[in-house]
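Participant: According to Swiss-Prot, the protein has these features:
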type: BINDING; residues: CYS60, CYS62, CYS75, CYS78; note: Zn(2+) 1 binding site
type: BINDING; residues: ASP449, ASP451, ASP453; note: Mg(2+) binding site
type: BINDING; residues: CYS822, CYS896, CYS903, CYS906; note: Zn(2+) 2 binding site
Amino acid sequence: MIDVNNFHYMKIGLASPEKIRSWSYGEVKKPETINYRTLKPEKDGLFCERIFGPTKDWECSCGKYKRVRYKGMVCDRCGVEVTKSKVRRERMGHIELAAPVSHIWYFKGIPSRMGLLLDMSPRALEEVIYFASYVVVDPGPTGLEKKSLLSEAEFREYYDKYPGQFVAKMGAEGIKDLLEEINLDEELKSLRDELESATGQRLTRAIKRLEVVESFRNSGNNPAWMILDVLPIIPPEIRPMVQLDGGRFATSDLNDLYRRVINRNNRLKRLLDLGAPGIIVQNEKRMLQEAVDALIDNGRRGRPVTGPGNRPLKSLSHMLKGKQGRFRQNLLGKRVDYSGRSVIAVGPSLKMYQCGLPKEMALELFKPFVMKELVQREIATNIKNAKSKIERMDDEVWDVLEDVIREHPVLLNRAPTLHRLGIQAFEPTLVEGRAIRLHPLVTTAYNADFDGDQMAVHVPLSKEAQAEARMLMLAAQNILNPKDGKPVVTPSQDMVLGNYYLTLERKDAMNTGTIFNDTNEVLKAYANGYVHLHTRIGVHAKSFNNPTFTEAQNNKILATSVGKVIFNEIIPDSFAFINEPSQTNLEGKTPDKYFIDSTQLGEGGLKAYFEEQELIEPFNKKFLGNIIAEVFNRFSITDTSMMLDRMKDLGFKFSSKAGITVGVADIVVLPDKQDILDEHEKLVERVSKQFNRGLITEDERYNAVVEIWTDAKDQIQGELMQSLEKTNPIFMMSDSGARGNASNFTQLAGMRGLMAAPSGKIIELPITSSFREGLTVLEYFISTHGARKGLADTALKTADSGYLTRRLVDVAQDVIVREEDCGTDRGLLVSDIKEGTEMIEPFIERIEGRYSKETIRHPETDEIIIRPDELITAEIAKKITDAGIEQMYIRSAFTCNTRHGVCEKCYGKNLATGEKVEVGEAVGTIAAQSIGEPGTQLTMRTFHTGGVAGSDITQGLPRIQEIFEARNPKGQAVITEIEGVVEDIKLAKDRQQEIVVKGANETRSYLASGTSRLKVEVGQSVERGEVLTEGSIEPKNFLAVAGLNATESYLLKEVQKVYRMQGVEIDDKHVEVMVRQMLRKVRIIEAGDTKLLPGSLVDIHSFTDANREAFKERKRPATAKPVLLGITKASLETESFLSAASFQETTRVLTDAAIKGKRDDLLGLKENVIIGKLIPAGTGMRRYSDVKYDKAETPVTETEEAEIIE
């Protein structure tokens, strides 16, 4: 028996008739399924127990042998073997066909493999196979050509002339004879000769034929096996028949399709035995062919066979295809045991690493563990007794349950799982009720809210799984977002508002200027109601024992507020005292200006000092995020998660105390709003007058009106924000970053402004009312356009974004960190990414966390800042940019030489941990999720750049899809294919512009549409591949003109442009990994003396291997050019057929793989999931498969790590 979990590759091929018979346990001769009275399977039928095995465990059909003791006996009465009924899932049967039948995949697929091999058109093949024409197999003396077609009349004519001297056949038999006669070696030789001379259409056909012939020759498949003599029947449990309540039966469609085949086959046998007339036999053979076609792929040819209610029957091919097919439904994702699902509720008192599990759910999930413990503690006598105790929910069960779940992490998952933070591990605590309690800080990562969201719980069972969950997936470990390395667990809403309120200062607060000895005094005074949170006070600096305070500062009084003293309690001791929301205070020291020498104070003391000082800004959401990032950088993850918990508690506590609410009175309408509106109304009238006089065009008028009203809204917004009290609840909410922004407030109290029509064009009639005043009917109607479009957009966007993520994951799933250093000698030159003058991504962000490829010296001091292959940390990156260096070479995934993945050095640091990336990290999947997850935040709209002349710029999600699918973009830019000077720009016919570029050896002219904006002028010198007009470049063309490196950088820049414009930050390395996957194939131009086929797509590594061999043997190498594939195409072109088949176009991929006899080396993640092995990433990598752990004598503390013994 082969070990199911330990094989190295999987191979697929065509099955010979002998092979099919060897799989089979007997021939199915009757179309019957089960007897309607006894409900037992019919003998020799589709469910026959003699062929497929018994329906009941250890019991033969007639009941003579029952029980395990007769294991392996074959009953002498009914012929059924006594064994487990499970064999009915694996035993196959077969049908001996009375006439050969063609397999529809090989005859009908595009391109038709059978047609290419025989050099016949698919049309001709169809005529022969479906008995419309004869094919000449052996022409004899007739002068006919071999493989030519004859109609019935022509065949009669020749048959009368040359009786018995030539052979022409109909149906699959004729094709089978032709296939058997093919000599692959001779075909190969003649085709290789033809390649030398042929051109155009003949050349492409020859290349296609050569590919098929080569496939058959290399794989050892016999071409005649594309014609079936024997049909396999899949095991009955996979096409079950079940009884419904009303005594009727529900059956799998396959049984109907098999039944048709058997009926027709039996009828054909009988007709042949009777020696029926040829025309009747022919008709029956054709019907048999059609029945087999329907079984294999119903609906591929002609009308599909339908069942009751005109529903097409699901054939074998449909069982594999699509979301409901075998691959995606059962192999890539399975339902698992030990899982539960419930609504989530907030758990504000939980620690970062905890979640609350409902008691009933926990009991059911941990049932086996509890049962074992009950028996071990002798609370229950045996397992059965333990089970009944649990079902009765006896009191002693709960104590045991608490011990069982202690330190046994569970996984919580929220659908849709867009990135790896959608599944995290927590330690469960038991809670009453039926809702799962979730820690408020992890909601951002899950994108969860508590309006009825549900989450699933999974229990990791094995010790290894528990260890992985605890070490890698615990929520307290996942503080950084893998897409940009920024903290993802920032406080939000109430927590932000609470901390904002806590750090506010007020001028009129009670007892301002009181000086306290230490923190405890402050807290007591606050508890006793002597001071308010917002009271500005002084505290002796020495009492803080803060290591960042200087000697001089320690002897002074620190001017701060009660709230800030409380806030600073939660921050690690060695941190500076945070007194103002500034980066300097955060990174280094508390500014000197807050330390006051008590001797210098005048008569009014500290109170008088405070009255002169401006109030300090409170801490908003962004600043809280910066604090978290800083603490994370300087301290351990544990410290950070502890501080986060404290920050959360403070936030909730003080937002409750603040009692901030919104009332209608908080929305104050601007008194002089009408004046602003009247003023702008006059401007609009003036523009209309100019238009009526013909001074400006319709476009100019429209743009001017839109601009006037936008300005009006901006002016109202500005004045509103000015007139707002700092303590206005709405202002506090928006200023702190808890909820809302200035624009929302303007709509409530100012004016709603301009709205967009369904087409996306802005309606020039503004909504001058605010929600506080109420809208008129017309205004309300206009504003519904936008609102409804928003909802429709969101729904569409979610589906689109999910599909994009799926394609990205599929193309990059086999990119894993495979080695430490690939030793490449190339690097990527990086600098600022700019669009015109606008900064898209600064240089410093591009180099941080990457490895250098060159030595960088300070231009003035000549001091070495960094050497090659060293990690550029945040400090070094700052040094490099401070030295005025604007570009450098770094290690990049683009230039990595590692096969099937990247190396540690070319990837850089792991953004999710901030540490060096480890071998085994599945960086491809992380990259795909990082790009796909923010997809839902991108817009769907196409921006219209004013008027008729403006071209549409595709942005947001459609643009990302356009880039990754390598499609021709909308609004395409014209690029120059030569280096030279722009000689002339003139008008050509059809209002087009002609740009003439003069190079050293040739002059080329390019046509651009009359409305496109030019980016060059006469006399300007241009590089090869430079853009002449505005717009997006077509990447495939650009690759041919500008080369590989320029194309990679261009695609990277374009992706970053879209995301950064929407305010989404994604690290370059993720885009690099994806773009590299799109460029991993080359197209062979000339094969030289290698075995490669001209015109074929091969992996870049296979190409270099073949050439290396050729060089060794002093032969001519092959030449090739790089090819840019869209992600869908790249996924289908992957080396692994299992991965490609489970993605899209399942039948095409499998047909191709079977003919080529492909082997899948199971290198990616998907292939291993499909066959049920551990994925070759992380601890599942082959290099870690035989690691053993020693058991420590003494308990291991958290800081030590268990020693690993090879």
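Every residue, even glycine, has its Cβ placed from backbone N, Cα and C.
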Participant: Within 8 Å of the Cβ centre of ASP449, ASP451, ASP453, which other residues of the chain have their Cβ, at the recorded Mg(2+) site?
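Facilitator: Here the non-site neighbours turn out to be ILE344, ALA448, PHE450, GLY452.
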Participant: Nearest to CYS60 (Zn(2+) 1 binding site) by Cα distance: which of the binding-site residues ASP451, ASP453, CYS822 is it?
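Facilitator: Sorting the binding-site residues by distance from CYS60 (Zn(2+) 1 binding site), the top entry is ASP453.
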Participant: Going by C-alpha distance, which of the binding-site residues CYS75, CYS78, CYS822, CYS903 is nearest to ASP451 (Mg(2+) binding site)?
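Facilitator: The smallest Cα gap between ASP451 (Mg(2+) binding site) and any of the binding-site residues is with CYS903.
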Participant: Cβ neighbours within 10 Å, counted over all protein chains: which one of the binding-site residues CYS62, CYS75, CYS822, CYS896, CYS906 has the most?
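Facilitator: Checking each of CYS62, CYS75, CYS822, CYS896, CYS906, the winner is CYS906.
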Participant: Measure from the CA atom of ASP453 (Mg(2+) binding site) to the CA atom of CYS62 (Zn(2+) 1 binding site) and give the result in Å, rounded to a whole number.
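Facilitator: CYS62 (Zn(2+) 1 binding site) to ASP453 (Mg(2+) binding site), Cα-Cα distance: 54 Å.
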Participant: Take the mean position of the Cβ atoms of CYS60, CYS62, CYS75, CYS78, the recorded Zn(2+) 1 site. Which other residues of that chain put their Cβ within 8 Å of it?
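Facilitator: Leaving out the recorded residues gives SER61, GLY63, LYS64, TYR65, ASP76, ARG77, GLY79, VAL80.
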Participant: I want the residues beyond CYS822, CYS896, CYS903, CYS906 whose C-beta is within 8 angstroms of the mean position of the Zn(2+) 2 site's C-beta atoms, in chain order.
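Facilitator: Same chain, not in CYS822, CYS896, CYS903, CYS906, Cβ within 8 Å: GLU819, ASP821, THR824, ARG891, ALA893, THR895, ASN897, THR898, VAL902, GLU904, LYS905, TYR907.
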Participant: Which of the three DSSP-derived classes (helix, strand, coil) applies to CYS896 (Zn(2+) 2 binding site)?
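Facilitator: SS state of CYS896 (Zn(2+) 2 binding site) = coil.
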Participant: For CYS75 (Zn(2+) 1 binding site), which of the binding-site residues CYS822, CYS896, CYS903, CYS906 has the nearest Cα in space?
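Facilitator: Closest recorded candidate to CYS75 (Zn(2+) 1 binding site) by Cα: CYS903.
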Participant: For the binding-site residues listed here (ASP449, ASP451, ASP453), which one has the lowest count of neighbouring CB atoms within 10 Å of its own CB?
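Facilitator: ASP451, out of the binding-site residues ASP449, ASP451, ASP453, has the fewest neighbouring Cβ atoms within 10 Å.
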Participant: Tally every other Cβ atom lying within 10 Å of the Cβ atom of CYS60 (Zn(2+) 1 binding site).
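Facilitator: Here the count is 24.
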Participant: Between the binding-site residues CYS896, CYS903, CYS906, which lies closest to CYS78 (Zn(2+) 1 binding site), Cα to Cα?
Facilitator: CYS903
Participant: Counting other Cβ atoms within 10 Å of each residue's Cβ, which of the binding-site residues CYS78, CYS903 comes out lowest?
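Facilitator: So among CYS78, CYS903, the binding-site residues given, the one with the fewest Cβ atoms within 10 Å is CYS78.
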Participant: In whole Å, how far does the CA atom of CYS896 (Zn(2+) 2 binding site) lie from that of ASP449 (Mg(2+) binding site)?
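Facilitator: Just about 41 Å between their Cα atoms.
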Participant: Would you identify the secondary structure of CYS822 (Zn(2+) 2 binding site) according to DSSP, in three states?
Facilitator: coil
Participant: Give me the Cα-Cα distance between CYS822 (Zn(2+) 2 binding site) and ASP449 (Mg(2+) binding site), rounded to a whole Å.
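Facilitator: Approximately 44 Å lies between the Cα of CYS822 (Zn(2+) 2 binding site) and that of ASP449 (Mg(2+) binding site).
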Participant: Can you tell me the CA-to-CA distance separating CYS903 (Zn(2+) 2 binding site) and ASP449 (Mg(2+) binding site), as a whole number of Å?
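Facilitator: With distance taken Cα to Cα, ASP449 (Mg(2+) binding site) is 39 Å from CYS903 (Zn(2+) 2 binding site).
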Participant: Do you know offhand how many angstrom separate ASP453 (Mg(2+) binding site) and CYS906 (Zn(2+) 2 binding site) by C-alpha?
Facilitator: 40
